[in-house]
Amino acid sequence: MTLNHSNLLTLCVCVCVCVCVCVCVCVRARVCVSLCVHAMHVHARHRCTRACSPAHACTMVCDFAAGTNEAEGGGEAGGVGDVTKQLELQTLEDKEREEDGEEVKGQTDPPSVPICELYPNGDFPKGEECEYPPSKDGRSAAWRITSEEKRALDRANEEMWSDFRQAAEAHRQVRSYVRSWIKPGMAMIDICEKLEDCSRRLIKENGLKAGLAFPTGCSINHCAAHYTPNAGDPTVLRYDDVCKIDFGTHINGRIIDCAFTVTFNPKYDGLLEAVRDATNTGIRFAGIDVRLCDVGETIQEVMESYEVEIDGKTYQVKPIRNLNGHSIGQYRIHSGKTVPIVKGGEAVRMEEGEAYAIETFGSTGRGAVHDDMECSHYMKNFNVGHVPIRLPRAKHLLNVINENFGTLAFCRRWLDRLGESKYLMALKNLCDLGIIDPYPPLCDIKGSYTAQYEHTILLRPTYKEVVSRGDDY
């Protein structure tokens, strides 16, 4: 095949920008390879403002080489111009860093390079930036983007936004890694520990300054939340399971709470689509001065519009009415406000500067959960004052919890990892005193299936930023 004159000129420009070895490029395949190599290199440091995959970066270039100028990925239009600008910018940045004596790093496979080392200048990738929805009277919120006052407020909080973004980038890379190897037949405890080991490396765990924000949830089927295996749990992931992977990362207590659902049998695709759509609807509707009850009503309307057929039986997808999204505070996963996923919630409004976890749960069961199974999740009561403790083992355990987790959630496996043993009586004592709160698994009726999707959003003065957004969901 031959290239037309316009495409050939543009491709030659791209070759020059990318500093490709071949200057005279007449074969489309060679152009594609040269550009793809550089695009993959750019992606390794994740300079895109939205989290594009290496395959997506490669596809954008290859599609143009084939004579198209429309990129795949969420319906966004792209072309060689966009790719060229991105590659040109990255080339200049790399050159500047090399001249300054900095090593230009890319991520390894499996991931092992901490995010802070991939971005030594602290310029971490932003999430999806969205204009706020119009107000009730139809007025646009676009003025926030250009307002000097709001832009100044945005800049004043840049350190906080940066902490969120660093934690979010770690989350994106970890979950991408998990998707590459999770499969039926694996023990749930192995899945969690492999995921958490990767998270610790990428977040560069450092006491309470950086680390895991809460235990990895891997709730299966009718269990919707708060299940992670304790030591000795023999549970194995099966082909017909619906597994919710819910894990968190944090930098300086700025928490990313983000979850997705893993299935292997395509019969559950409709259930996952319903919940993913409901979560994205909640994200679109959320914003400054929006009432939380209105967000819940919108989510319910979308989720209940779905019917799914599983094993010959038709179900209306039900939102789990007693599970909610929530506001997120520093070192506080649930900081006071709840985002319902059904109508009838409080008329409390979202406010500028807040962070929220927008999460929805869909079920083929009753649409309500109850405590069930052995507890694994625990968290210190954020508001607890001084409480006298008589049991020496309980005093010691509380010191361990304060030093390693503070007010962040933890699990029994993490106590085991710290070398603690024979602590169950002491842990129960702390729970009985109200110092530590237990969070047992939450389950719908047996035989039902539940799914979950969740993102963390930042209500910045200028934009709503879906900081945990990736090219996966």
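Glycine too: its Cβ is placed from the backbone N, Cα and C atoms.
These come from TrEMBL:
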SIGNAL    1-20  signal peptide
DOMAIN    164-360  domain 'Peptidase M24'
BINDING   HIS226, HIS334  substrate binding site
BINDING   ASP246, ASP257, GLU454  divalent metal cation 1 binding site
BINDING   ASP257, HIS326, GLU359, GLU454  divalent metal cation 2 binding site
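According to DSSP, HIS226 (substrate binding site) is assigned to coil rather than to any helix or strand. Remark: of the binding-site residues HIS226, HIS326, HIS334, the most isolated position is HIS334 (fewest other Cβ atoms within 10 Å of its Cβ).
For the binding-site residues ASP246, GLU359, GLU454, a Cα-Cα cutoff of 10 angstroms around HIS334 (substrate binding site) retains nothing.
Taken residue by residue with DSSP, HIS326 (divalent metal cation 2 binding site) is part of a strand. With respect to their backbone Cα atoms, GLU454 (divalent metal cation 1 binding site) and GLU359 (divalent metal cation 2 binding site) stand 4 Å from each other. The binding-site residues listed here (ASP246, ASP257, HIS326, GLU359) include ASP246 as those with a Cα within 10 A of the Cα of HIS226 (substrate binding site).
Remark: ASP246 (divalent metal cation 1 binding site) has THR216, GLY217, CYS218, SER219, ALA225, ASP257, CYS258, ALA259, GLN452, GLU454 as non-local neighbours, by Cβ distance under 8 Å and separation of at least 6 in sequence.
Of all the Cβ atoms in the protein chains shown, 27 others lie within 10 Å of the Cβ of ASP257 (divalent metal cation 1 binding site). The binding-site residues listed here are GLU359, GLU454; among them, GLU359 has the most other Cβ atoms within 10 Å of its own Cβ.
The average pLDDT computed for the domain 'Peptidase M24' (164-360) is 98. The divalent metal cation 1 site, placed at the center of the C-beta atoms of ASP246, ASP257, GLU454, has further neighbours from the same chain whose C-beta lies within 8 angstroms: GLY217, PHE247, GLY248, CYS258, ALA259, ALA357, GLU359, GLN452, THR456.
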